[in-house]
Structures are given as structure tokens and as C-alpha cells.
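Presented below is the structure to which this report refers.
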Amino acid sequence: MRDLVRETHLLKDDLIMPVFVDANIKDRKEIPSMPGVYQFSLDAILDEIKVIVDKGIKAIILFGLPDHKDEVGTSAWEDDGIVQEAIRKIKKAYPDLIVIADTCLCEYTSTGHCGVVKDGVVLNDESLTYIVKTAVSQAKAGADIIAPSNAMDGYVAAIREGLDDNNFKNLPIMSYSIKYASSFYGPFRDAANSAPEFGDRKGYQMDPANRLDALREAASDVKEGADFLMVKPSMAFLDVMREVRDRFDLPLVAYNVSGEYAMIKAAAQNGWINENQIVRETLVGMKRAGADLIITYFAKDVADRINKGEVF
Ligand code: PBG
């Protein structure tokens, strides 16, 4: 009876799996604060992609850890940068897999900030130049979607113009539109080696107390030409997700972030919660709140369960 009147479903088509490619390691390395999630070398990356594709997951989002960093994040846009190499390799082997490129500088700058810094301040407009270069280089490497996450004002318009000027008029932009300055990103900053060297990201990421601010951010991204909107993190922001869903008609992405993953894993490892049930409740909750797609480190686990016949 419950199945007959069920309002919300989570499908494999809704899942996006994050993948870390690291220029500094051999094979793979587990991320201590994210059990079951690994960084992969360029040599090992296709082994992981095969696992993902074989489970029926249709999209990944790719993050890179470069072997050199500088003040402006040069390794983010080099032709032979780690992400560019990985995109080329993955698209050649699996042309049908949707490869989303996370477009940011924090993994590539020596300051660990998502833009360029002068006198201790992250400069919005100067940073746009570099984020556009990064997006264009990822597009040239074969990315299917550009996903800018550095949260600078005006980045969608700047990237759209950069892509259009370089003959990527049809390439969509998945903007991390509503990105809160959150402590839930802690484990990711280990995974991507991207913790800021000084200060925090409050100059460019949003205050978790704000709701109207979120609607303004979404509206400006829509106006600037975004093709997808995103709310990040997810669990503490489901009200925002619902409101964005109701007011805007673009596909909406929920980012179920690293700290949310780590909390569930840690409690489950202690035997304090039932991991499978909690994962289902959490992800279905995001769909109920209006998300169309979910970026989640649980994507492979969920796909396995769906493949075994479980209905989400
Ligand atoms: C890069 C970026 C971050 C995340 C995704 N892209 C970190 C940050 O903004 O500090 C976090 C993802 C996660 O926690 O899983 N700017």
C-alpha cells in the first residue's frame, strides 16, 4: 500500500559521483575522514571509472590535486593539468559518461583560496580572469558540464562569455549558486588539499543564517546564464532547496557534502545508526525538498542497492 501512494523516488539517473584525481600519488589513497572514498592517480583513474559506469551511474564530478601550486593557480588551467589530462582519458574510454568539471582555484593556489589574494584580501574581479581560463581549458579537454564553485560575484556571466568566445556555446554551466560558508566541507579540504592558508571563505561564501540572500544568488545566476542551480551543503539547507525549486525552473542539484558523508559513516561504524536506512532517508529527503540531482559520495553504494532491486 505504501508503494502505491509513494510520492518521491530516488533513481540512479539522479546520482552524480565525485571523483578525486591526484598527481602526487600512485594507485589510490583512502581519505582518512571519508572511509570508502579514495584519491586516484591518473594511471588508476580508469579502474574507478569502470566501476562507476558498470553500476549504471551516468555522471561524475571531477576534482584535481595538482603537483604544483602558485599564487594564481596556474595548474588549474594548464593544458596538461591533472584535471585536463583526466578528462581526456576518461572521455576517450567512456564517451557516454557525463564528466562534470569542478571549476575552482582553491586546490591550485598556494593560499588555498578560491581566488587571487592581495594584501590578505581575495579579489573578486581579478579572480574571474583565472576562473574563466580554467573553465575554457576544461572545455577544451572535453568536459561535458562546467561547474564553477569559487562563488565569486559575476562568475557565471564571465564563464558564459569565455566559453562562447571559444566556440563552446552549447556547453552547460552548473553553478554552485547557493554555497554557504560551511564547516561541513572539512573532510573535503583534506581530500582536495585545499584548506585556506589564512582566514576563511566568508568573504565569498554565504552566511548559513541567510535565506533571502540565497534567492538573490539564484536569481543572479539565472540572469547570467546558468543552466543548473545548486544548493550546498544539503542536510541543513533543505528549506532553501524547496524555496529555490518553487521559484526557479532550472534543474536543481543538491550537494550532499563531505562532512555529511563523514558524520553518517562515523556513526554507522560505531554501530549507533543504521547506515543504509539513514542514507535512504537523507537522499530521499533531498528529492522531496525539490532536488533533481544529487552529488553524493554514497552514489556507488546507492547504485549497488538499486541494482539489487531495492526501491528508493
Ligand atoms: C571547491 C569546493 C569545495 C567543495 C566542493 N568544491 C570546498 C570549499 O568550498 O571549501 C566541498 C565539497 C564537499 O565538502 O564535499 N571550492
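Any Cβ shown, glycine's included, is placed from N, Cα and C.
CYS106 (Zn(2+) binding site) is surrounded by 24 other CB atoms, counting those within 10 A of its CB over all protein chains shown. CYS106 (Zn(2+) binding site) falls within neither a helix nor a strand when secondary structure is assigned with DSSP, and so counts as coil. What TrEMBL lists as Zn(2+) binding site is CYS104, CYS106, CYS114.
For LYS179 (active site, schiff-base intermediate with substrate), the number of other Cβ atoms no farther than 10 Å from its own Cβ, over all displayed protein chains, is 23. What TrEMBL lists as active site, schiff-base intermediate with substrate is LYS179 (among others).
ARG201 (5-aminolevulinate 1 binding site): 21 other CB atoms within 10 A of its CB, across all protein chains. Annotated 5-aminolevulinate 1 binding site per TrEMBL: ARG189, ARG201, in sequence order.
The Cβ of GLU217 (Mg(2+) binding site) lies under 8 Å from the Cβ of SER177, ILE178, MET206, each of these being in the same chain and 6 or more residues away along the sequence. Per TrEMBL, Mg(2+) binding site is recorded for GLU217.
For LYS232 (among others), the entry in TrEMBL reads active site, schiff-base intermediate with substrate. Its own atom aside, the Cβ of LYS232 (active site, schiff-base intermediate with substrate) has 25 Cβ atoms within 10 angstroms in the protein chains shown.
Taking all protein chains in view, 24 other C-beta atoms sit within 10 angstroms of the C-beta of SER258 (5-aminolevulinate 2 binding site). DSSP assigns SER258 (5-aminolevulinate 2 binding site) to a helical segment in the three-state reduction. The 5-aminolevulinate 2 binding site feature in TrEMBL is assigned to SER258, TYR297.
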Please list, in sequence order, every residue of the chain apart from CYS104, CYS106, CYS114 whose Cβ lies within 8 Å of the Cβ centroid of the Zn(2+) site. LEU105, GLU107, TYR108, THR109, HIS113, GLY115, SER149, ASN150, SER194
Say you check the Cα of ARG189 (5-aminolevulinate 1 binding site) against those of the recorded positions CYS104, CYS106, CYS114, LYS179, LYS232; which is nearest? CYS106
Residue from CYS104, CYS106, CYS114, LYS232, TYR297 whose C-alpha is spatially nearest that of ARG201 (5-aminolevulinate 1 binding site), among the recorded positions: CYS114
Taking only the Cα atoms, work out how far LYS179 (active site, schiff-base intermediate with substrate) lies from SER258 (5-aminolevulinate 2 binding site), in Å, as a whole number. 14
What number of additional C-beta atoms lies within 10 angstroms of the C-beta atom of ARG189 (5-aminolevulinate 1 binding site)? 17
Taking Cα atoms as reference points, which of the binding-site residues CYS104, CYS106, CYS114, SER258, TYR297 is nearest to LYS232 (active site, schiff-base intermediate with substrate)? SER258
